[in-house]
Amino acid sequence: TTMESTTSDTCSVPFSHNSSTSSSNSPPQAVVVMSPCAACKILRRRCSPDKCVLAPYFPPTDPAKFTIAHRVFGASNIIKFLQELPEAQRSDAVTSMVYEASARIRDPVYGCAGAICQLQKQVNELQAQLAKSQAEVVNMQLQQANLVALFCMSQSEQESPQQSMDDFIQSPSHSNGYQIGLNFLEENNSLNSMWEPLWT
């Protein structure tokens, strides 16, 4: 009886050891902890990403984004604005609200309007500089055209005396006179050759 009990004890021990090792080797189940969005974390309320309107636009990694917008507009107004807009426009609306809130914090008097006026002033100054540069370009083009015209006129004036002399010689009336003058010179030469023996 004692031998059977000892055998049963020795058989039962490995069984229990195998069961413990098998349970320890099983992978632990992953526990997913959903982090609340920055808005719900600041407001200290429960956040379900499927139902929270603010969760897609105020991630928990950027709490300052909601802090700035909440300081100027308030959480209830932000939720109301987003609920009235379609989902395709909500991201741009959040960006606009954060920008306007930042401008209001920097400049409590003028806020976003002051930044817009400053940018409009810069645009007007750049447009004036552009118009001035364009006028200078047109003026330089006119000066270049005038210089080219003067150069062409000077070239034509240098070539015109020789051309006028050629035209004068080649004209019919003057060419006849020129031919007559040549004939007269030839006749004088012949007369001189005739009178030469008499003088000698």
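Just so it is clear, glycine is given a Cβ too, placed from its N, Cα and C backbone atoms.
Just so you know, TrEMBL annotations are computer predictions that nobody has curated.
Within the chain, the coiled coil (116-143) has long-range Cβ neighbours (under 8 A, six or more residues past its boundaries) at 110. The feature coiled coil is assigned by TrEMBL to 116-143.
According to TrEMBL, the feature compositional bias 'Polar residues' maps to 1-11.
The compositional bias 'Low complexity' feature in TrEMBL is assigned to 12-28.
Residues or ranges marked as domain 'LOB' in TrEMBL: 35-137.
TrEMBL lists 1-29 with the feature region 'Disordered'.
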Tally of residues which DSSP labels helix, strand or coil - the domain 'LOB' (35-137): 72 helix, 0 strand, 31 coil
Mean of pLDDT values spanning the domain 'LOB' (35-137): 90
